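My questions all concern the structure below.
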Amino acid sequence: MEFSRRARLRQAGERRELYPHSLQFYQEPPTESISLAEFESLAIDRLRLLKVVENLGVSYVRSTEIYKTKLQQELRKLKFPYKALVEDDYDARRKDHISHFILRLAYCQSEELRRWFLQQEMDLFRYRFNELTDNLRQKFLDHVNLKFEAISEDLKNEWANDLCASTPGLTMIKVKEQMFYKVGLADAVELFRARRVFIKDGFAYVPLKDIDAIVLNNYRTKLSKALALTARSLPSVQSDERLQPLLNHLSHSYIGPDYSVQKNTGKISLEQIDALAVKSFPLCMRQLHKALRENHHLRHGGRMQYGLFLKGIGLTLEQALEFWKKEFIRGKVDADKFDKGYAYSIRHNYGKEGKRTDYTPYSCMKIIMSNPPSQGDYHGCPFRHCDPELLKQKLQLYKVSSSGINQILELVKGMHYQLACQKYFELTHDIEDIGFSLNHPNQYFAESQRLLSGGREVKKEPSHLGNSQQKSSGQESINSNSTPTSSNTATDAELEGLEEYFAED
């Protein structure tokens, strides 16, 4: 018994030595061997966490209690370190360490990926650093070799008036309670620019409460450099045929339900599609539907993106063949040419030709990150690929308010494309908070149908917006020589039945 107790104590000591703190700068890469299954599992959990960090960072002020509470809940759920005082959290610290380096590999592959990863890791680090107690914060600074010298009590009392006047938010009482550190100006440049620090003889005297700005700047510099170095090392990683597919998958990863599962097959009729496009399609699919109705043709990228989406919402193979054929023969494609040139690819998408692969509808990340549209294309993500002025015109056409458009354009400017789509959902369904992270066009459709059927609480009835949009849809249909369906009583009855179906989940 005594032997096993000693062994446990020795193992605990070794673990503490490996990860002495719950927070780190990720300077040393992990050296242990792990399975490919664990490799992917750890990476996906961290990706889930960073997606939540991104979502919360846009939805809430970072210093508020609701932001902190929601992020702590996610850290706890995914078993990452969330309380610095916990000593025996080796597994959580190990997971944090390894998963960071895996995603660093996956997200160093382009400037856009690097920028996104850096921002989310910075926000996560900021939250965790600010949760440290004063004592643990000082221990962490020592651990990462940020040797900031604390000034003496005598010097602090001598400069008390200057320290109070130069540091916003500090009273004389707080000055006496706070520790102040002598920091080089190069490290305190952000505080210096914001005029939030006392400067004397080429040094900044920073209170402990503001030391986070310096630590964050230091961390950003180190992580930016590390991402650049990792990108240069990619060729050696890409030569490993086991890792490269996993890394590519992670950088375009979708973490949600599988919409290739045809649980709702046959629940939608072709006559409903025009009305559904107005009420429940995300902007990317509404754009494709409108282009198809007007031009009676879509290029390959558009056919793949829209065709798999329609498959995911319930169109059978027979319906899909009929839908595309009817539309194409209204243009320059006759029935014989359609059967020879286009029908095969539709059957292929449903797993009836070629390798018999049952293709999955595209996720938001796949649409955003791959195959950007060129001139004459309509696929892609409007929030990612549209010129801001053109996007603004589209949103105005669909009766989005001016304030709503400004909110969306701000999110687009910050490269939060999926969050812009979430805001579009909230505005077009007249709800305050979407209540979920939007990662897939088919998720958008399913949640819309559930909400419209009464499966989710709404702020107020969105009927006025729906009516104005249906009018727009009718005009779109008239322009494309198809019968407007938004005013068809039979179709409305069918849609009610469809909405009831989606509410069952």
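Placed from the backbone N, Cα and C atoms, the Cβ positions cover glycine too.
Below, the features straight out of TrEMBL:
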type: BINDING; residues: C284, C364, C381, C421; note: [4Fe-4S] cluster binding site
type: COMPBIAS; residues: 465-476; note: compositional bias 'Polar residues'
type: COMPBIAS; residues: 477-489; note: compositional bias 'Low complexity'
type: COMPBIAS; residues: 493-505; note: compositional bias 'Acidic residues'
type: DOMAIN; residues: 276-445; note: domain 'DNA primase large subunit C-terminal'
type: REGION; residues: 457-505; note: region 'Disordered'
Please list, in sequence order, the residues in the chain of C421 ([4Fe-4S] cluster binding site) that are at least six apart in sequence and whose C-beta is under 8 Å away from its C-beta.
P282, L283, C364, C381, F383, L438, Y444
Where among the binding-site residues C284, C364, C381 do you find the Cβ with the fewest other Cβ atoms within 10 Å?
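Least crowded of the binding-site residues C284, C364, C381, by Cβ count within 10 Å, is C364.
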Express the predicted model's confidence over the domain 'DNA primase large subunit C-terminal' (276-445) as a mean pLDDT, rounded to an integer.
92
Hey, for the [4Fe-4S] cluster site built from C284, C364, C381, C421, who else sits with CB inside 8 A of the CB center?
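Apart from C284, C364, C381, C421, the close residues are P282, L283, I367, I368, P382, F383, R384, Y417, Q418, P441.
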